[in-house]
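Down below is the structure, laid out as structure tokens.
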Amino acid sequence: MEYQLTLNWPDFLERHWQKRPVVLKRGFNNFIDPISPDELAGLAMESEVDSRLVSHQDGKWQVSHGPFESYDHLGETNWSLLVQAVNHWHEPTAALMRPFRELPDWRIDDLMISFSVPGGGVGPHLDQYDVFIIQGTGRRRWRVGEKLQMKQHCPHPDLLQVDPFEAIIDEELEPGDILYIPPGFPHEGYALENAMNYSVGFRAPNTRELISGFADYVLQRELGGNYYSDPDVPPRAHPADVLPQEMDKLREMMLELINQPEHFKQWFGEFISQSRHELDIAPPEPPYQPDEIYDALKQGEVLVRLGGLRVLRIGDDVYANGEKIDSPHRPALDALASNIALTAENFGDALEDPSFLAMLAALVNSGYWFFEG
């Protein structure tokens, strides 16, 4: 299924992206759910899938984490089932992510899907990432507040909420409506009837993650082996003093590594192309031989990217799931990065190069791409 998003992107980016929340009425016309509540509940029974149940009764909140064995204990009100990265495990839902590729792939994270019964929700809270919340089956009331300093508290160890807030948006969403919320705006949603919601979340690494990730890269490659030296050690009034110029020199030693463009590019490509959630990787058995890949493509078969696989381009280099893809065939690499589905035409002359075919076979045999059907 193909989803057509009714949105003036230039206007949206100028007025709302990372600035102001907005309700996009009928963002998807004639919206059809790509997954049923039963299918979602089935996914939450799988150990590889990240899921949780959130419920509340008389002001008391409960959170439990999957995999779940049964839902028989649940009542008819006040609970939600939330499943992360459903686009990794259920191919039809991945189609919901594609209309949002007007925004950079490296910023898109995953598709979280929730099923809620009347009164179900997770309470008023803040997120530090952008999110588009698509209303599927059913109706849900959403309230969004102004971006202010707000106290957060934990009504349950696994649930972070904010105090009640005054709403700047108070809307009832119907199938196909979309609520966009930038980082830091408090919000809460409660189902008015059995309801499905689809949250396209965006990824924004913080400074701590970046420094930690780069430090891992430095350690793995044994970079930064230069030692501090001070042949012109300056005199000081007290032997315990560390002088400002020494602090500057130490900081420069660290910055020197970050300021090497090739290393920084290689690290960031590996770092940002890794998914934060497990992928449904299923290497083919038996593995494909390069000539089988060639024949299949030439016969018109379509090669499809695994749901949730992050394929990103930095300059001329392409990265997939933390690995750099090496090949001199730039147009073919661009096709891998740009297209979800690929045909022989996308690869062009690269298919006549045995080394490219061997590389493509390795990617398919890793489970990163698969033949449709």
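Glycine is no exception: its Cβ is also placed from the backbone N, Cα and C atoms.
When Swiss-Prot records His125, Asp127 as binding Fe cation, the matching candidate from His56, His65, His73, His187 it lists for that site is His187. Same-site candidate for substrate binding, as annotated by Swiss-Prot with Ser114, His125, Leu126, Asp127, His187, chosen from Arg98, Arg101, Arg140: Arg140.
The number of other CB atoms found within 10 A of the CB of Leu126 (substrate binding site), across every protein chain shown, is 18. The Cβ neighbour count for Ser114 (substrate binding site), using a 10 Å radius over every protein chain in view, is 26. Looking at the domain 'JmjC' (92-219) alone, the prediction's average pLDDT is 97.
The candidate set comprises the binding-site residues His125, His187. Of these, His187 has the most other Cβ atoms within 10 Å.
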